[in-house]
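These notes concern the structure reproduced below.
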Amino acid sequence: PRCFTARRLGGEPQLGVECLLCADHFVTDHGLFPPCPLSEVAFGYKGLQIQLYYSAGNLSTLFKVKYSSKVTEKFDCVEADDVEVKIRDIIPAGFSCSTDDFVSRLEKEANFRPFGNLLHTYKVHNEEAGELTYQICKVDMACPGFQEYHGRLQTFLMWFIETASFIDADDDRWDFFLVFEKYNKDGETLYATVGYMTVYNYYVYPDKTRPRVSQMLVLPPFQGEGHGAQLLEAVHRFYCTLPKVQDITAEDPSESYVKLRDFVLAKLCRALPSFAPDKLQLGFSEVMVKEAQDTLKINKKHARRVYEILRLKATDMADEAKARDYRLDVKRRLFGPYKKNQRELTKMMKCLRPEELVSHIRHIDTDVQHQELEKSYQEVLDEYRRIIERLASQA
């Protein structure tokens, strides 16, 4: 039990626990409990506060609902929302409604230890706290106590990710990867939950598997410190050691995840011989595809993006000829959807009436295509440059 907020603001850490919903905290010595309302609309209350507190390690939970007044009569067959039931449907059984009971659980935090097998340890420098140590572990549902812990952990998805849903954790094809902060307090070694990732192992004929990243979350107090990149890289390195793995993909990746993946894969691929600067200038090759696939379990589509990032890094864009070669190389890939539209138009010309054909031709006007292609290229260039800057900062 400790207070993240006091530590990160440079204050003296006190006995307490952070509220991971609002990045605020309460100090048990003084009984301070700031509210942490969820930003949802609830009918029938005045001064409604939904309070959720999690202990840093084991994620023991305190749940309270407070309000100054509540509708007691029905209005047009509508009554006050039962917000407590809605939250109880998300958080698993075993939470505390009593502050005293929750505080007693905090005293047991010193006994908490990370689940699973240790994959990776790394350090992050923090201006207020100095050098901090983090651990990444792999675990499955067979690990004693993990199923109950995971039930509490996955509730964060509902608080922080739109359209999130729980997984069927009883399926033994799920792998779980956890990130913990390791720290010392009063001579004791304690652990705090930082984030996690779930990966589902799909079958690939005839004897391979395709791990697919399903969920990934770094808790708000730790975001912006590079933990997502450390976690994704550790997961890739783990699956690269398994000969039965075909490649590693992601389920409906967000824009931020794609940027993170581009950075991690570029970091890994730049050490491969086929991605050496002199080879990059020769263009994207099957040798690159094969080496990325065999060594790092990266599929062709992702290898192509990595090639473009690393080639940009190795290209002197002030040289007009080299810049032109690079631009044409990227635009040939980006032009793929437009060529598909042209093939579809050729087919439609055989069956559409003239007035219908005119409508479709407007959508593939050559000048419009060129403008959109240039816009796409500039957007890609901006994305790649940000990744290259990050690579340079960690060189």
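Glycine is treated like the rest: Cβ placed from N, Cα and C.
Those TrEMBL annotations? Automatic predictions, nothing curated.
These numbers come from a predicted model, not from an experiment.
Annotation source TrEMBL lists active site, proton donor/acceptor at GLU251. The domain 'Histone acetyl transferase HAT1 N-terminal' annotation in TrEMBL covers 40-162. According to TrEMBL, the domain 'Histone acetyltransferase type B catalytic subunit C-terminal' annotation covers 261-312. Per TrEMBL, the feature site 'Interaction with histone H4 N-terminus' maps to TRP174.
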## Note on the structure
Between the C-alpha atoms of GLU251 (active site, proton donor/acceptor) and TRP174 (site 'Interaction with histone H4 N-terminus'), the distance in angstrom, to the nearest integer, is 14
### Cβ atoms near GLU251 (active site, proton donor/acceptor) (within 10 Å, other residues, all chains)
13
### Task
Would you mind checking how many other C-beta atoms are within 10 angstroms of the C-beta on TRP174 (site 'Interaction with histone H4 N-terminus')?
17
### Summary
For the domain 'Histone acetyltransferase type B catalytic subunit C-terminal' (261-312), the DSSP residue counts stand at 40 helix, 0 strand, 12 coil
